[in-house]
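S.K.: Pulled the feature table from TrEMBL, pasting it below:
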type: ACT_SITE; residues: 176; note: active site, proton donor
type: ACT_SITE; residues: 307; note: active site, proton acceptor
type: BINDING; residues: 81, 82, 176, 177, 178, 243; note: beta-D-galactose binding site
């Protein structure tokens, strides 16, 4: 049994509208999602003692989300991740996007899908958000109709993304939640045990754009096919963290992506998806300057993201799985976040 409640979360400045909050609750999970950027603002899950903690980073009030912040909990698009030099060509025409991350375009541009109010519709076990991204928004071609649906079933949160385009355009949608299974506000994620079901990853250049190589994980720091304790693993391989795409099995069906276990609390997160990749990010750019919920600060490595998606810069790399959506086709992907205790 799932209950869905609706409330006002806050008002945008200059009378630009009201942001609502939707709380989805089952016997295992309680999830808060707001209409600003389809953002997950809280996710409460019990530990092995039955004590609930909020395991996502974020803010208690709308103002937190309106400031410059690293996409906490939001849906990012029209194209998640990086596009090299903010340019791509479709059917012989070159498109130029805002460059907002070094020399590249990141997460849809200056005002991506995370920085707009979506139209909500309450469902019996969740909420569906929709919007129309106009032709030319952030430099992308064609109008794009988008639906993002969150539904809850016991300990599983399902996120479905659908889109239809009036012109051929790249589309790549994901959720950018930062998790800490010890509870948000815990200082780091070093005691988390991580598994990612990927035989290959994408090496990147100094601006974090894939070089084009699809490299085997075997014998590298990126071999997470068996569980590794994150802190020890980073030390052993002398790396500063992960911000890389892992190449999942090529199936369009639901497949296992990742598992994270926090031994201290017993909490387990398993991720399943229909997507071809997952960006594993360990909060390398968090620096402790943002004040989060309950007075928490978020230093480097205090949260991790598992952003299921198409591969970064795929629009410019023809041997990557395709990201172009053509008129008459439908973009349709689902990711499942399954919480349990072990």
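Heads up, residue numbers simply count up from 1 along the chain you see.
Note that Cβ sites are derived from N, Cα and C of the backbone, with glycine treated the same way.
Note that TrEMBL annotation is computational and uncurated.
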S.K.: Using all protein chains in view, find how many other C-beta atoms are within 10 Å of the C-beta of the residue listed as 'active site, proton donor'.
M.R.: 22
S.K.: Over all pairs within 81, 82, 176, 177, 178, 243, the annotated beta-D-galactose binders, what is the largest Cα to Cα distance, rounded to whole Å?
M.R.: 18
S.K.: Of 81, 82, 176, 177, which recorded positions are close to residue 307 (active site, proton acceptor), meaning a Cα within 10 Å of its Cα?
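M.R.: For residue 307 (active site, proton acceptor), the recorded positions whose Cα atoms are within 10 Å come to 81, 176, 177.
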S.K.: With every protein chain in view, what's the tally of Cβ atoms within 10 Å of the Cβ of residue 307 (active site, proton acceptor), excluding that atom itself?
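M.R.: Looking across every protein chain shown, the total is 24.
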S.K.: Restricting the comparison to the binding-site residues 81, 82, 243, which residue's C-alpha is spatially nearest the C-alpha of the residue listed as 'active site, proton donor'?
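M.R.: The answer is 81.
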S.K.: Let's check the environment of residue 178 (beta-D-galactose binding site): how many other CB atoms sit within 10 Å of its CB?
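M.R.: That number is 26.
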S.K.: What number of additional C-beta atoms lies within 10 angstroms of the C-beta atom of residue 81 (beta-D-galactose binding site)?
M.R.: 27
S.K.: Tell me, how many other CB atoms lie within 10 A of the CB of residue 177 (beta-D-galactose binding site), whichever protein chain they belong to?
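M.R.: Cβ-Cβ neighbours of residue 177 (beta-D-galactose binding site) within 10 Å number 26.
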S.K.: Output the one of 82, 243 that, of all these binding-site residues, has the highest number of other Cβ atoms within 10 Å of its Cβ.
M.R.: 82
